[in-house]
Amino acid sequence: MSNKKADSKPQAKYPVNLLDTPFPMRGDLPKREPQWVKEWEERGIYEKIRAASKGRPKFILHDGPPYANGDIHLGHAVNKILKDIVVKSRNMAGFDAPYVPGWDCHGMPIEIQIEKQFGKSLPAAEVMSKARAYATEQIEKQKVGFKRLGVLGDWANPYKTMNFVNEAEEIRALGKIIEKGYVYRGLKPVNWCFDCGSALAEAEVEYKDRTDPTIDVMFAFAEPEKTAHAFGLPALPRAEGGIVIWTTTPWTIPANQALNLHPEIIYALVDTERGLLIIAQERVEACMADFKLTGRVVATAPGVKLANLRFHHPLASAHPGYKRTAPVYLGDYVTTDTGTGVVHSSPAYGIEDFMSCKAHGMTDSDIINPVMGDGRYIESLPLFGGLSIWDANPKVVDALNAAGSLLRSEKYTHSYMHCWRHKTPIIYRATSQWFAGMDVTPQDGGKTLRETALEGIDATAFYPSWGKQRLFSMIANRPDWTLSRQRQWGVPMAFFVHKETGELHPRTLELLEEVAKRVEQSGIEAWQSLDPRELIGDDANLYEKNRDTLDVWFDSGTTHWHVLRGSHKDQLQFPADLYLEGSDQHRGWFHSSLLTASMIDGRAPYKGLLTHGFTVDGEGRKMSKSLGNGIDPHEVANRLGAEIIRLWIASTDYSGELAISEEILKRVTEGYRRIRNTLRFLLANLSDFDFAQHAVPVDEWLEIDRYAVAFSQQLQTELLGHYEKYEFHPVVAKLQTYCSEDLGGFYLDVLKDRLYTSAADSRARRSAQTALYHLTHGLLRVLAPFLSFTAEEAWKVFQPASDTIFTETYYAYPEVAGSAALIEKWALLRDVRGNVTKALEEARTANRIGSSLQAEVAVHASGARYDALTSLGDDLKFVLITSAATVVKVDDEAQESVDVAASKYQKCERCWHYREDVGAHADHPTLCGRCFSNLFENGEIRSAA
């Protein structure tokens, strides 16, 4: 399409090739983007990408499912857009890279919403139906938000963990790990939330500061003679006293059952005003100061010598219910960093305490566990029955003081575990749960789960690389995985358990498959309504249905099984090439997926893990409601455009925190405009170019055109290397430099004279347009993964017959002979041009010239620069954008310089060059010779620029 402008008389008289384009200067993104979203959906663009990619090697980015609750936030936008960039860049690299989005649907947050709306007394069947409806509604809302961000995917057929087939396959996955021997039932302290009334996964725990009473408590001597002997004394100097512990959880004292010392720490027997006190020797001075006592060390002994001594419970004198003794056990976990070097053990409320007591022969039935699931003590607990443990804290302190056992009490602020949903403090609480054993030897006698998972980490590529050590440390040190939860809205652990022994039914694997078949037809509701007699007949008198549900991290952690090889196996495959999530997922989805795949398949479910950071404001502060520094992606999209969010994400190093503010968005918008203006220039100057009709063969191009294509091809190779490694911010940085400096600041700047003033169909102009055609092909494709709306908009102008840019692959530039030498030569020329531009600016500042075309320059150059400059001949002036340019040879670099002089000639009305031949043709007194030739004769001859 040709649109020659004729806005003024000179242009009408002596026209130049100023063309227009339907690609507007202003993006008007908030208005146009929703139109593209609608068009992509109506025209089935995602399906067309799949059709175009069919038969290519697969690349699978498996979507970590967001939770189906609430509006999408900026963190969602970061995650989904990064995934979109990966998928689009892999498709354009020649892969078949489908994107199946998914949602995590079961679990506490939705159950809480249902309880809030309808109360806690709903029948189970109603909880299920309302939870499904709620999750569906939330998914549809989030789906709209993700589409608005320009994310292409199979939105019509996402995976949902609540779909019947996924629920059924999850039960089958449970059967797999039971069959392999990883699952056991036992009493163990687990993270317990009183508000949830359930165990929590490690990933559901967050830490916040909390102020609690900290107390030092004395356990009185129960075996004075043995104690004296342990310290090498014939007898204790006095009867009063005991061993001293320090704790920040007074509420655990009623459940104390043991004391722990380190075998190698030296303990001192200190004579004080409160009697003889046993404290770690290196803590004596600090403790005496804290207790406001004076003390003399009577004797010392290593912890190992004190093993098995017994001491009275500190509340023994307060109530007969506490008349018991606590034995001394040895534990390597005891330190002298704080406290007394003695740890009191309530095995029901601490993992190390529990393991220590069990190792010393304590059985499950021996363990005292007076705290109920709602956080209250059992009614029968002496002194504190029925109290909340938090309300009991000060009362325990008072009782210890009254019993003469309290040495010190203070307020103490420490980092403490909280439920991520309720933001309330949680505890470790021993409950009977189902576990996946990290160090259990499986049925086949192979490696343990921990060993297999660590090997899986070694075989995985990490982006950035530091993620590897982080996940490795978590797996190496984690406890057994608590699989069970005590809720309704979740996939059931569909076991039949013996009413007396607690053993699983001998046909458990077969029964799980029968349940899975029913769930596949009717959902998890099928288990809720199942009469045990249907499956186990008369055994129903001996066995009961297990009421536990699976940890929701098992839901999402088995998507490699029930999605990649289940509901979406025709599109996806196992293992996935990439999992991509925020850095919190090292203890979340990355973690649970690794454990389940290690149990089921003996390998990791992914070949690569990509981790991104969290969003912060411009000052590096975490976004929060209290600070009022949150940024809503919907608001930004509606005000500036989703493209600006996409460009911000792509241009930020996601391996750290992603800073965003209005000032940052302003800079991103300015960068976007520069790219858009470059595209507009390219499209406008190609609007009268038909490649089939006007293309010039490569070997006939002008030299600068060959350079521009060779340079662009070299840049594309670099960019594709970055895309391959998921390094997006260097892609954006290099493309912005390319648009503003390599194109806008150099090549396109030089090209304007030839494009505008050469004869419309001349070889010189068509050579430039042929190069621009290739550059536009290449540029739009490398922009498309992140500037998706803009690349598509420009593509429809550039290639109107094509359905979409997203079915294209990266551009195959024509080969330019001697490209390396050409790039090297023009790097020298651009360097010289920079010096000339600086000299011209100085002359302009001194009012010696106006525009650069008013100048004539003499470039003094040596060596390779001299050779490069002289090789351009008379075309050098076009490269320097001056009316005349000469080259003067000098001996060395020290003598190089640029002389600038104002031209003494007249300015051509058409090309604005100052030339001696302006007015040489009497009929055209304001026209220079080359413009006359370009308009009325065969046109000027150019070879280089």
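Including glycine, each Cβ sits where the backbone N, Cα and C put it.
Remember, predicted model here, so these are calculated numbers, not experimental data.
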Legend entry - Swiss-Prot annotation (motif ''HIGH' region') - matching range among 66-76, 132-142, 759-769, 913-923: 66-76
Inset, instruction - Compute the mean position of the Cβ atoms of Cys908, Cys911, Cys928, Cys931, which form the recorded Zn(2+) site, and then list in sequence order the other residues of that chain whose Cβ is within 8 Å of it. - result: Thr757, Glu909, Arg910, Trp912, His913, Arg915, Val918, Leu927, Gly929, Arg930, Phe932
Legend entry - Number of Cβ atoms other than its own within 10 Å, given for Cys928 (Zn(2+) binding site): 28
Inset, instruction - Rounded to the nearest Å, what's the C-alpha distance separating Cys911 (Zn(2+) binding site) and Glu581 (L-isoleucyl-5'-AMP binding site)? Just drop the number here, would you? - result: 56
Legend entry - Cβ packing number for Cys911 (Zn(2+) binding site), 10 Å threshold: 22
Legend entry - Distance from Glu581 (L-isoleucyl-5'-AMP binding site) back to Cys908 (Zn(2+) binding site), taken between C-alpha atoms, in Å: 61
Legend entry - Residue pair Glu581 (L-isoleucyl-5'-AMP binding site), Cys931 (Zn(2+) binding site) - Cα distance, angstrom, rounded: 60
Legend entry - Intrachain C-beta neighbours of Cys931 (Zn(2+) binding site), sequence separation six or more, cut-off 8 angstroms: Tyr14, Thr757, Cys908, Arg910, Cys911
Inset, instruction - Would you mind giving the whole-number mean pLDDT across the motif ''KMSKS' region' (622-626)? - result: 74
